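J.: Quick paste of what TrEMBL says about this protein:
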| type | residues | note |
| --- | --- | --- |
| REGION | 43-67 | region 'Disordered' |
| COMPBIAS | 43-52 | compositional bias 'Basic and acidic residues' |
| COMPBIAS | 53-62 | compositional bias 'Basic residues' |
| COILED | 101-182 | coiled coil |
| COILED | 231-258 | coiled coil |
| REGION | 275-313 | region 'Disordered' |
| COMPBIAS | 284-304 | compositional bias 'Basic and acidic residues' |
| DOMAIN | 342-434 | domain 'SH2' |
Amino acid sequence: MLQQILTDMYIEPELLAELSDEQKQILFLKMREEQIRRWKEREEKLEQEDRKKPKKPRKPGGKKVDFLLGRDGNEWVWVMGEHENDRSIDQILEEEAQRKADEQARREAELLRLKEEAEIKRKIEEERQRLEEERETERRRLEEEALYQSIKEARLAAQRAEEEQKKREQEEALRMKQLQEEAAVERRKSLSKIQDAEKRRSNEIYIRWKEMRRQLDQVAEETSHEVDKNWRESERKAKEAEQEMKLIAQRAREENRQSLTRVSQLIVNANRLTLGEKPPLPPKAKDRTSAVIDKNRQLREERRKSRPARPPNRDAVVDWFHLEEKSRKSVIDAKSGRAEEWFHGVISRMDAEKLLLDKPKGSFLVRVSEKVWGYTISYRAADRCKHFLIDATEDNYHFFGPNQLSHNSITDLVQYHKTNPITLAGGELLISSCGQNCDPPDYWDLFHSGRTESTFL
């Protein structure tokens with residue numbers, strides 16, 4: 001099943017929902033490794049094709065762009081910051097911040113200067129208008145007085161008015177000159193004050209930027225340390241879990257090998273004691289049984305190759321169970337000859353969770369899966385229900401994924417995980433069986449074709 005998924009690089013969403021979190025991580029890892037493997041194969045193939053292609057002759061006068069090569073024969077690369085004359089990234093950032101601070105302070109100072117310049121111009125214009133109004137008022141007064149005076153008096157009055165006019169003009173000119181000088185002094189003071197304010201404002205902006213940058217760097221460093229710490233911790237746990245799974249699988253293989261060796265040695269010793277020098281006996285029933293087992297295994301292999309990658313419907317699952325699983329008695333209690341208490345038929349994920357809803361932590365059931373050729377263990381955890389797929393496409397039973405411990409039957413698998421957790425991270429121990437709540441049981445159609453009988457457990 002895993003090989004089929006890696007071949008298609010696709011998994012049905014319904015099947016993906018049946019996988020546990022650990023099985024999903026294993027599947028994604030294997031799919032990523034398969035992607036990298038295919039990419040490397042394509043790259044090697046393209047390189048071989050490029051080497052086989054004849055190089056096109058260069059056109060006379062044609063232009064070509066090549067990378068500059070270094071002393072080592074590779075492309076010449078300039079790494080910023082490695083040369084003695086290169087500025088560091090901190091220096092570049094500080095200079096950029098200082099430049100932006102100066103520009104902002106300069107803009108603020110220019111706005112302040114324009115505002116003060118406008119205020120000075122307004123004062124000068126108001127003074128000029130006041131003098132014009134006084135001059136116009138004096139002119140009208142003299143004209144009114146001239147109407148009632150004689151010619152001589154008018155001439156004297158005009159002469160006095162002209163002298164007064166000259167005097168006033170001199171006073172006005174002097175006043176305007178004083179105003180301009182005062183404005184110039186005020187402008188110089190304002191300019192000096194603006195320049196000082198510009199420098200002070202530039203320093204304030206730069207210091208504020210440095211403080212903000214320091215805080216951001218501190219937060220980034222703390223976040224980086226925390227992320228790195230969490231990543232190292234998760235990597236350590238993953239390595240420990242992987243090492244534990246490898247040790248369990250290696251221990252199981254070693255125990256199986258030693259058991260086979262001991263059995264073979266016992267058989268040889270027994271034959272030596274009982275047979276002695278007598279002629280060889282006919283083939284034993286064990287050999288005939290082995291031949292039958294090999295034949296059944298061959299038939300199952302042929303059926304497996306002819307089956308689709310996943311069950312198309314529920315009827316196909318029932319037929320598969322009748323043809324293969326029923327004779328293997330993988331879920332049958334050896335003592336009573338009946339189905340195990342925890343075994344259920346082809347029920348959905350939702351029905352399994354309903355059965356486990358009011359059960360304590362550690363309760364479980366084994367159901368026939370509609371998504372794969374195999375089974376599913378539905379387990380009641382503290383906060384939710386977990387589901388673990390069991391692959392039954394080979395001659396043994398094991399959880400979905402690589403480096404999984406294989407068992408001869410579902411009963412053996414359940415017995416093993418009553419004392420050994422399914423995953424090290426979750427610590428799922430199969431403690432309490434969740435039996436049937438209906439009569440006939442939900443697995444009735446898996447063992448019977450048409451006859452109705454009660455096997456309620």
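Placement of Cβ uses the backbone N, Cα and C atoms for every residue, glycine included.
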J.: Sequence-remote contacts (6 or more beyond its ends) of the region 'Disordered' (43-67), Cβ cut-off under 8 Å?
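T.: For the region 'Disordered' (43-67), the far contacts come to 75-76.
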J.: Which residues of the chain, 6 or more past the ends of the coiled coil (231-258), have a CB below 8 A from one of its CBs?
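T.: Those are 403-406, 420, 423-425, in sequence order.
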J.: On the DSSP side of things, how many residues of the compositional bias 'Basic residues' (53-62) fall into helix, strand and coil, could you say?
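T.: Across the compositional bias 'Basic residues' (53-62), the residues distribute as 0 helix, 0 strand, 10 coil.
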J.: In the domain 'SH2' (342-434), how many residues does DSSP put in helix, strand and coil?
T.: 15 helix, 28 strand, 50 coil
J.: Please work out the helix, strand and coil residue numbers for the compositional bias 'Basic and acidic residues' (43-52) from the DSSP assignment.
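T.: Summed by class, the stretch gives 10 helix, 0 strand, 0 coil.
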